[in-house]
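These notes concern the structure reproduced below.
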Amino acid sequence: MMKQEQMTVVRHKPIAKNIYELMLSGHLVEEMNAPGQFVHVKVTSQADPLLRRPLSLCRIDQNARECTLIYRKEGIGTTLLSEKRPGETIDVLGPLGNGFPLDAAQTGRRALLVGGGIGVPPLYELAKQLVKKGVIVTSVLGFQTKEVVFYEREFAEFGETYIATVDGSHGTKGFVTDVIHERAISFDVLYACGPKPMLKALEQMFPDKEVYLSLEERMGCGIGACFACVCRVPNSETAYKKVCCDGPVFKAGEVVL
């Protein structure tokens, strides 16, 4: 159930160039169940910036009532957020969205997790929960360059993990699709989160596979009221789906990328 709470900053630190890891505590964590969901964060108590920032859930620890968010500092809002210190509070609304379908990967089957840039974080909690239910997990993570790579070691705890960088400074030179092709990675179900070109490439690469894609879109309200994050439905000029509440996770082919 969606709630709003002033959550407390437990830990906040940079983990790569302009990439921050933010741990929050509060009762809101008790409502967080599905990996792939997100929260809407108000970065300041002031009127400006007005809009909240959607941040995906990276880790969920309901016993400790703590959750971890990872974000990129790139604008006024996230720059203000990066200045928050332990002990301060942040206005958080959530959890929002549908999350990844865990039931799509059965015990003993193989799941391929593919993340691009800031689309990597929600796959961590997914990997953790899949491994817990006996699914064999392989992760392929793509970044622009070595200095923005994060969570390689953390994902490796759950299974084989491969890195691709566009400039070749770490791992395979190229894109996540290059790694999948070169390594001939086999899987039963694919989960991915990242920029649209990456998601579209995966959709085209595996037309006969079970593929779930988490979209990254700019959002206004986060609850389906403002229609700022709509995606077109195939074979229709008028039908749309909202990323914030119908998604952010869609089965491949469900929306036009």
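In case you wondered, yes, glycine gets a Cβ from its N, Cα and C as well.
If you look up Swiss-Prot, you'll see 2-102 marked as domain 'FAD-binding FR-type'. According to Swiss-Prot, the feature FAD binding site maps to R53, P54, L55, S56, I70, Y71, R72, G77, T78, an assignment based on sequence analysis. Among the features that Swiss-Prot reports, [2Fe-2S] cluster binding site is placed at C221, C226, C229, C244, with the record citing sequence analysis.
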Worksheet, complete the sentence: Simplified DSSP label at T78 (FAD binding site) comes out helix
Practice prompt. According to DSSP, folded down to helix, strand and coil, what is R72 (FAD binding site)?
Written response: strand
Worksheet entry | Fewest other Cβ within 10 angstroms of its own Cβ, chosen from the binding-site residues C221, C226, C229, C244 | C226
Worksheet entry | Three-state secondary structure, C244 ([2Fe-2S] cluster binding site) (per DSSP) | coil
Item to complete: Identify all same-chain residues not among C221, C226, C229, C244 whose C-beta atom falls within 8 angstroms of the centroid of the [2Fe-2S] cluster site's C-beta atoms; report them in sequence order.
Response: M219, G220, G222, I223, G224, A225, F227, A228, K242, V243, C245
Fill in: Non-site residues, in chain order, whose CB comes within 8 A of the mean position of the CB atoms of R53, P54, L55, S56, I70, Y71, R72, G77, T78 at FAD
V41, L69, L81, I118
Worksheet item: What residues, ordered by sequence, lie under 8 A Cβ-to-Cβ from R53 (FAD binding site) and sit at least six positions away in the same chain?
Response: H40, V41, V43, Y71, G77, T78, L81
Worksheet item: Taking R53, P54, L55, S56, I70, Y71, R72, G77, T78 as the record's FAD-binding set, what's the max Cα pairwise distance in Å, rounded to a whole number?
Response: 16
Worksheet item: When you measure from the Cβ of R72 (FAD binding site), how many other Cβ atoms are you left with inside 10 Å?
Response: 15
Fill in: Under 8 Å by Cβ from I70 (FAD binding site), counting only residues of that chain that are 6 or more apart
I15, I19, Y20, E21, L22, L55, S56, C58, I118, V120, P121, F150, Y151
Response to the item:
For C221 ([2Fe-2S] cluster binding site) and R72 (FAD binding site), the CA-to-CA distance in whole Å is 20
